[in-house]
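Q: Let me give you the structure first, and then I'll get to my questions.
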């Protein structure tokens, strides 16, 4: 559960594990599918899509990679650690938002995995979704030790499939001429990229809480940063290339009907003959490498959202989350692309504000010193910050975030000229507001936590 890991229990010294957790979690069809949004949804060419993918992933991977360094120092799960910024009760808000966000991620994964299974087996997308959900549940059900073992291995077969798909279909890749990219197109796609990678920030220290506290933070950061960026950038660029090329290859175009990403990859693998079915099964299972750690961490989010539930066994939440995810995936299976682009854009707003607040608290008010966190206070509301400053700064930032949003259902006046810059605005405005608000909070209620 969310109880702090005592120093004497932080004994893990195989620090490279965090690299493989991130690498396996992102070597899957969802990373590939997110890359396709550049040309399909935002009308970007291959060059512009890949440049946005490269630079915004390099930028937005910094928060989740940095926050993994907190686990060995505090022994706290990430959302529980945010109590030292948002307060005992205030931390319930990001916990709820994190649950909603990650139910969405798992739903998208199940749709993709179900599509991939259905493309090579005589089953419906619905049956494929149920199979993927149950396998993800099993891995997350077993706990962190099995999860670590699984993530250390799961990346290899998944990576092999993408390498084969690239080799088999690479000769068809083309860059169709498009109009020069506008700022609106670039920043709107960038918001999607930010929503994809930054959401991991809410779970970062969950996977390092058992690491030995004397490990170099720089080492953990580098492992995490590379583990996130290598698969995400590579597969998103591959997805962009495949989506742009699909209309010029009849088999690919037919497989890609109704946004069937599994069908597109199935068509790309056609040259390998009968072995294609084996590869597609492996590819469909690749999403469990993302779902399993997400479902594991969602259990912690449940306990931070409703603290009395910390007495309930973690696996109960795994079952509950899987049931909700499966139903949502079945209902939304034929609206994948609209759901993916809208969902990733929206979640970037709240995660940007949350990351900004906890980083300003840690780096400015606590001087980056983990000794200033009283771990004995982790579950005592009166000894933690009130949280009004963090919530107030985050909420007030939306006065500028909303005009900077660009979604299917709403485009703000700022976004009409710039594209979607909501997550950048959320981070900047929250940071600026948090400093004076936190000073007022500390004067009124002098509790350090």
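Glycine is treated like the rest: Cβ placed from N, Cα and C.
TrEMBL entries are annotated by machine, without manual review.
OK, TrEMBL features for this one:
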TRANSMEM  19-40  transmembrane segment
TRANSMEM  46-67  transmembrane segment
TRANSMEM  88-117  transmembrane segment
TRANSMEM  123-147  transmembrane segment
TRANSMEM  154-174  transmembrane segment
TRANSMEM  186-208  transmembrane segment
TRANSMEM  220-244  transmembrane segment
TRANSMEM  278-299  transmembrane segment
TRANSMEM  311-331  transmembrane segment
TRANSMEM  343-365  transmembrane segment
TRANSMEM  386-409  transmembrane segment
TRANSMEM  421-437  transmembrane segment
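Help me picture where these features are in the structure shown.
A: For the transmembrane segment (88-117), the residues of the chain that approach it from at least six positions outside its boundaries are 28-30, 33, 79-80, 82, 123, 125-133, 136, 199, 202-203, 260-263, 265-266, 280-281, 283-288, 290-291, 294-295, 297-298, 301-302, 304-307, 321, 324-326, 328-329, 332-333, 336, 339-340, 343, 347, 350-351, 354, 379-381, 384, 386-388, 390-391, judged by C-beta separation under 8 angstroms.
For the transmembrane segment (154-174), the residues of the chain that approach it from at least six positions outside its boundaries are 20, 23-24, 27-28, 32, 231, 234-235, 238, 241-242, 244-245, 248-249, 252, 265, 267-272, 279-280, 282-283, 285-286, 288-289, judged by C-beta separation under 8 angstroms.
Sequence-distant contacts of the transmembrane segment (186-208), counting only residues of its own chain at least 6 positions beyond either end whose CB sits under 8 Å from a CB of the stretch, comprise 17-18, 21-22, 25, 31, 34, 37-38, 41-42, 44, 48-49, 52-53, 56-57, 60-61, 63-72, 74, 76-79, 81, 94, 98, 101-102, 105, 144, 148, 220, 224, 228, 232, 236, 293-294, 296-297, 300-301, 341, 343-348, 351-352, 354-355, 406, 418-423.
Proximity of distant same-chain residues to the transmembrane segment (220-244), defined by a Cβ-Cβ separation under 8 Å and at least 6 residues beyond the stretch ends, is recorded for 15-16, 18-23, 26-28, 31-36, 38-40, 44-46, 49-50, 53-54, 57-58, 61-62, 64-66, 68-69, 71-72, 155, 159, 162, 165-166, 169, 173-176, 193, 196-197, 200, 204, 208, 211, 252, 256, 261, 264-265, 268.
Long-range contacts of the transmembrane segment (311-331) within the same chain: residues 1, 103, 106-108, 110-111, 114, 126, 129-130, 133-134, 136-137, 140-141, 143, 291, 295-296, 298-299, 302-303, each at least 6 residues beyond the stretch ends and with a Cβ under 8 Å from a Cβ of the stretch.
Nonlocal intrachain contacts for the transmembrane segment (386-409), taken as residues 6+ away from its ends with a CB within less than 8 angstroms of a stretch CB, comprise 83, 85-91, 93, 184, 187-188, 191, 338, 341-342, 345-346, 349-350, 353-354, 357-358, 361, 415-416, 418-422, 424-426, 429-431, 433-434, 437-438, 440-441, 444-445, 447.
Among residues of the same chain six or more beyond the transmembrane segment (421-437), those with a C-beta under 8 A of the stretch's C-beta atoms are 187, 191, 194-195, 198, 345, 348-353, 355-357, 359-361, 364, 388-390, 392-394, 396-398, 400-402, 404-406, 414-415.
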Q: State the non-local partners of the transmembrane segment (123-147) in its own chain: residues 6+ outside its ends, Cβ under 8 Å from one of its Cβ atoms.
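A: Cβ under 8 Å, 6 or more out: 21, 106, 109-111, 113-117, 207, 210, 284-285, 287-288, 291-296, 299, 314-315, 318-319, 322, 325-326, 329-330, 333.
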Q: Applying the under-8 angstroms CB criterion, which one of 19-40, 46-67, 343-365 scores highest with the transmembrane segment (278-299)?
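A: Ranked by Cβ pairs under 8 Å, first place goes to 19-40.
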Q: Under an 8 Å Cβ to Cβ limit, what residues of the same chain, 6 or more beyond the ends of the transmembrane segment (343-365), are close to it?
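A: Sequence-remote neighbours of the transmembrane segment (343-365) are 34, 37, 63, 66-67, 81-82, 84-86, 94, 97, 101, 104, 108, 188, 191-196, 198-199, 201-202, 385, 390, 393-394, 397-398, 401, 405-407, 420, 422-424, 426-428, 430-431, 434-435, 438, 442.
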Q: So if I exclude everything within five residues of the ends of the transmembrane segment (46-67), which remaining residues of that chain have a CB under 8 angstroms from its CBs? That is, six or more out.
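A: Hits for the transmembrane segment (46-67): 35, 38-39, 78, 175-176, 181, 185-186, 189-190, 193-194, 197-198, 200-201, 204-205, 221, 224-225, 228-229, 232-233, 236-237, 240-241, 244, 355, 359.
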